[in-house]
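For reference, the structure is listed below as structure tokens.
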Amino acid sequence: MRRLPPLVRLGLAVRRGFGRFTPDPFVVAVGMTLVTLVAGALAVGDGAGGLVRALRLWSAPGGLWSLLAFAGQMALMLTLGTALAAAPPVRRGLEALARLAAGPRRLVGLVAFVSCTLCLFNWSLGLVCGAMFARTAGDEARRRGLALHYPLLCAAGYAGMMVWHGGLSGTAPLKATTLADLTEVLGPELAARVGPIALSDSLLGGLNLAVTGGLWLLAPLVFMALTPAAGADPDPQPAPPSGHAPEDMPSATGPEEHAPSTTTGLDRLERSPLVVWALALPAAAALAFAVGDAAGPALDLNAINLALWVLALVLHGRPDAFVRACDAGARASAGILLLFPLYGGIMGVMKGTGLAAALAGLFAAADPRVFTTLTFVSAGFLNLFIPSGGGQWAVQGPIVMSAALERGVDRTHAMLAIAYGDQWTNMLQPFWAVPLLAITGVRARDIIGYCTLWMFAGGLWIAACLLLASL
């Protein structure tokens with residue numbers, strides 16, 4: 001066998017190591033729950049009383065059940081996104097895009113580029129559509145006989161989740177543009193001292209253009225460097241056969257249609273395009289109102305879901321085909337419904353016991369020259385327990401912004417450091433990977449090694465940019 005380049009050998013070694021020792025995301029969530037409960041009880045003190053307090057916070061409406069609405073939104077997004085991917089026009093478009101890449105490396109790089117580009121527009125679209133394209137690219141690789149590691153494609157489809165917070169749907173930058181939004185998070189006194197931060201200074205500022213633009217270009221290069229040349233992978237894992245991984249996902253050739261032997265009026269109604277347009281037209285009108293009323297460049301999850309609903313309906317063209325595709329996607333959303341409440345409980349304990357504030361303030365007294373870099377690192381660690389951009393900004397924002405003002409640190413840079421840390425450890429966080437795992441049929445242990453290498457490469461770039469900006 002030919003000698004492999006160093007980065008390829010590193011990727012293969014890391015993938016084998018993580019493949020042996022990475023448990024299922026549900027097991028990870030249970031373990032993190034136990035660790036958080038114990039840490040919360042110790043933080044509260046009072047012996048058994050501290051444990052009771054932690055358990056109450058965990059099971060309260062602001063804990064275990066705080067993410068139910070979000071879980072429903074994400075489950076619906078996975079369902080509708082899966083249905084949209086199964087629509088013949090979308091399937092043909094994704095296949096045509098995948099055919100643009102010649103060879104395994106370019107195909108992997110293209111998937112990473114598409115994922116990052118979509119996440120810069122909207123994180124949820126990038127998450128679901130990046131997974132869809134990774135799946136399609138895997139099917140295309142199998143058809144062309146390209147020997148590559150399918151989980152590497154899937155990891156590339158997840159790469160955009162380490163870029164999103166510097167894009168148009170970034171929570172912290174968007175929530176810092178008005179005094180009212182700042183007051184909601186920072187309180188009236190601190191908000192008045194900080195003042196609104198315009199998008200021209202944050203998202204379009206020099207630091208974010210360097211960090212986010214660099215990550216956008218770096219992601220395809222990293223994943224291409226991790227891809228063995230054709231025939232050089234000692235353990236290639238091709239894409240799973242269409243319709244069989246996971247078994248309940250719709251195949252790349254679309255849902256099967258079974259016409260009844262005798263057609264009744266009800267059968268014709270269930271296949272009638274009139275039913276599609278009866279819902280699609282008012283839904284499209286409502287979507288137009290939502291887009292027109294949206295403040296700023298970001299759309300909320302409800303608008304995204306409505307857009308997916310309209311597109312999937314129209315592109316399937318018939319209600320029975322649409323329902324079959326949605327049924328398959330809905331069965332794949334079990335991971336979301338199981339994991340999101342557990343992370344809601346973790347967030348409730350972290351906030352209620354003061355653990356989150358303590359972690360957020362670890363580096364508040366740091367030297368101004370390394371303040372933003374250490375804020376970035378602490379935000380990355382906190383993201384493992386509070387995997388929510390809005391939740392993390394609410395917890396860490398007041399502490400970091402107050403300390404930044406006291407030390408003369410640029411307020412925009414301090415806010416962006418929180419945003420970069422929040423997105424950085426998404427590569428280790430199974431919370432956000434659940435939709436991708438469901439769509440692609442891979443396990444967390446299959447992609448975590450590649451994601452970790454991308455996390456370290458991107459983290460070095462972010463830290464270097466923050467350090468240079470602080471000089």
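Heads up, the Cβ atoms here are built off N, Cα and C, so glycines get one too.
Whatever TrEMBL says is automated annotation, not expert-curated.
Annotated features in TrEMBL:
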{"type": "TRANSMEM", "residues": "26-52", "note": "transmembrane segment"}
{"type": "TRANSMEM", "residues": "64-87", "note": "transmembrane segment"}
{"type": "TRANSMEM", "residues": "107-134", "note": "transmembrane segment"}
{"type": "TRANSMEM", "residues": "146-164", "note": "transmembrane segment"}
{"type": "TRANSMEM", "residues": "203-226", "note": "transmembrane segment"}
{"type": "REGION", "residues": "232-265", "note": "region 'Disordered'"}
{"type": "TRANSMEM", "residues": "274-292", "note": "transmembrane segment"}
{"type": "TRANSMEM", "residues": "298-315", "note": "transmembrane segment"}
{"type": "TRANSMEM", "residues": "336-364", "note": "transmembrane segment"}
{"type": "TRANSMEM", "residues": "370-386", "note": "transmembrane segment"}
{"type": "TRANSMEM", "residues": "447-469", "note": "transmembrane segment"}
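Between the transmembrane segment (107-134) and the stretches 26-52, 274-292, 298-315, it is 298-315 that has the most C-beta pairs under 8 angstroms. Counting Cβ pairs closer than 8 Å and at least 6 residues apart in sequence, the transmembrane segment (146-164) and the transmembrane segment (64-87) reach fewer than three and form no contact.
Among the stretches 26-52, 274-292, 336-364, the one making the largest number of Cβ pairs under 8 Å with the transmembrane segment (64-87) is 336-364. By the count of Cβ pairs under 8 Å, the stretch nearest in packing to the transmembrane segment (203-226) among 274-292, 336-364, 447-469 is 447-469. Same-chain residues lying 6 or more positions outside the transmembrane segment (26-52) and placing a CB less than 8 Å from one of its CB atoms are 58, 335, 338-339, 342-343, 345-346, 349-350, 352-355, 358, 384-385, 430-431, 444. Contact count against the transmembrane segment (447-469) (Cβ pairs under 8 Å) is highest for 370-386, out of 274-292, 298-315, 336-364, 370-386.
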